[in-house]
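Asks: Submitted below is the structure of interest, expressed as structure tokens.
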Amino acid sequence: MGISNSLTITQPDDWHLHLRSGELLQRVVPYSAQHFGRAIVMPNLQPPVVRTVDALNYREQIFAALPAGSHFKPLMTLYMTEQTDAEDVRAGYLSGDVAAVKLYPAGATTNSDAGVKDLTKIYPVLAVMEEIGMPFLVHGEVVDADVDIFDREAMFIETKLIPVRKQFPKLKIVFEHLTTKEGVDYVQSCAENTAATVTPHHLVINRNALLVGGIKPHYYCLPVAKRESHRLALRAAVTSGDQRFFLGTDSAPHFDGAKEAACGCAGIFNVANTVSVVAEVFEQENALDKLEGFLSLHGPAFYGLPVNTAKLQLTRNEAALAAPAKLVLPDGEITHFDPMMDLHWDVSDISTAD
Ligand code: NCD
Ligand code: ZN
């Protein structure tokens, strides 16, 4: 059977998104609101979103930046510190204002300085989260200077995640932006309570994109893209229909000047073409029947939320889609993710009717 030219799926959600603040927030949030029903909004602002009241303030800024009439729903997260107040976390979750808490190992990535050095310090908070069923979102990389950057995810699983899992068997854990075969194997080895987000770019690029033919800062993100065998393991996992894997774009805009620098920032701004990129990947893997699960169904199931009622229609164009134009702000420009392949699937309609 040939590939149909049109596909209607439940409206997707983005389970890992950086919206930033101020004018940048105003300019990037419409891209998310255009396609996605909800997004888990990362708390790594400066200063970070630590307490529930901070999350509420940030949510107001996001609402104010949304295009008129948008139904996009930001799901707020708190930034775990060694001083995080377990009772504030509990109250934020039980009131419905906060959806999850995010772990940044101190020094692992952008704005992670206030993160956690000693995981045992947060055990009292994890105990409360386990009790109330609140997801713990993990940036899974060790930061030890003597661990090779390409091994940091696998090492995190062995030395950090397995002990936490043993201590808190019922804690809901999302391994964010999974990049390795070891990570896929680990998540698949867990009977329940463990899931992972996967980004569009880690399904498309390996480390050659970053390093061959000159250094390409727009392909630099954390966790850094790994070798090809890992990319293939990620593609196999997400296209298998396994419910433990769902989309988190990790869309992370930085000004071009901050990326094209002697010490360039980590982060890929991909949200404008995420749906097209992921659809292309699933088509390449003959798995378009699994696309809706990855984009729209597995995430809500893990978070215990209803799926979106709106439907999104995708249409396949014979001609390649035009790449999105750079985002231009007074303070600089932002380059969109270039998947280095033609894209054909475009969002042709979003309807709230069934
Ligand atoms: C993110 C950012 O810029 O905030 N960067 C990235 O490379 N993914 C932080 C993160 O998620 O690690
Ligand atoms: Zn991120």
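Each Cβ is built from the backbone N, Cα and C atoms, and glycine gets one as well.
Feature annotation from TrEMBL assigns active site to D250. Taken from TrEMBL, the feature Zn(2+) 1 binding site covers H16, H18, K102, D250. Residues annotated as substrate binding site in TrEMBL: H18, L19, R20, N44, H139, L222, H254, A266. Residues annotated as Zn(2+) 2 binding site in TrEMBL: K102, H139, H177. Annotation source TrEMBL lists domain 'Amidohydrolase-related' at 14-306. Under the heading N6-carboxylysine, TrEMBL lists K102.
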Asks: Should any of the binding-site residues L19, N44, H139, L222, H254 have a Cα within 10 Å of the Cα of K102 (Zn(2+) 1 binding site), which are they?
Replies: N44, H139
Asks: Other than H16, H18, K102, D250, which residues of the same chain sit close to Zn(2+) 1? List them in sequence order, counting a residue when its Cβ is within 8 Å of the Cβ centroid of the site.
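Replies: Those within range, site residues removed, are L17, I40, M42, N44, L137, E176, H177, T197, G248, T249, A252.
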Asks: I'm checking region-level scores; what's the whole-number mean pLDDT for the domain 'Amidohydrolase-related' (14-306)?
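Replies: A mean pLDDT of 98 is what the model gives the domain 'Amidohydrolase-related' (14-306).
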Asks: Would you mind reading off the Cα separation of N44 (substrate binding site) from H18 (Zn(2+) 1 binding site), to the nearest angstrom?
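Replies: Per the Cα atoms, N44 (substrate binding site) and H18 (Zn(2+) 1 binding site) stand 8 Å apart.
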Asks: Residues with Cβ closer than 8 Å to the Cβ of H18 (Zn(2+) 1 binding site), same chain and 6+ apart in sequence?
Replies: V41, M42, N44, D250, S251, A252, P253, G267
Asks: Run through the Cβ atoms and count how many others sit within 10 Å of the one on H254 (substrate binding site).
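Replies: The answer is 26 other Cβ atoms.
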Asks: If the criterion is a C-beta within less than 6 angstroms of any ligand 2 atom, which of the recorded positions K102, L222, D250 pass it? List them in sequence order.
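Replies: What lies within reach of ligand 2, judged by Cβ under 6 Å, is D250.
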Asks: How big is the gap, in Å, between the Cα of H139 (substrate binding site) and that of H177 (Zn(2+) 2 binding site), rounded to a whole number?
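Replies: That separation, Cα to Cα, works out to 8 Å.
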Asks: Among residues H18, L19, R20, N44, H139, L222, H254, A266 annotated as binding substrate, what is the maximum Cα-Cα distance? Answer in Å.
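Replies: Farthest-apart Cα atoms in H18, L19, R20, N44, H139, L222, H254, A266 are separated by 19 Å.
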Asks: Starting from the Cβ centroid of K102, H139, H177, which together make up the recorded Zn(2+) 2 site, report each further residue of the same chain whose Cβ lies within 8 Å of that point, ordered by sequence.
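Replies: Residues close to the Zn(2+) 2 site, other than K102, H139, H177: H16, M42, L103, Y104, T109, L137, V138, G140, E176, D250.
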Asks: So what sits near H16 (Zn(2+) 1 binding site) in its own chain, CB-to-CB under 8 Å and at least six residues off in sequence?
Replies: I40, M42, L137, E176, H177, T197, T199, G248, T249, D250
Asks: Using DSSP reduced to three states, classify H16 (Zn(2+) 1 binding site) as helix, strand or coil.
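Replies: Where H16 (Zn(2+) 1 binding site) sits, the three-state DSSP reduction gives strand.
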Asks: Radius 10 Å, atoms counted are CB only; among the binding-site residues L222, A266, which position scores highest?
Replies: L222
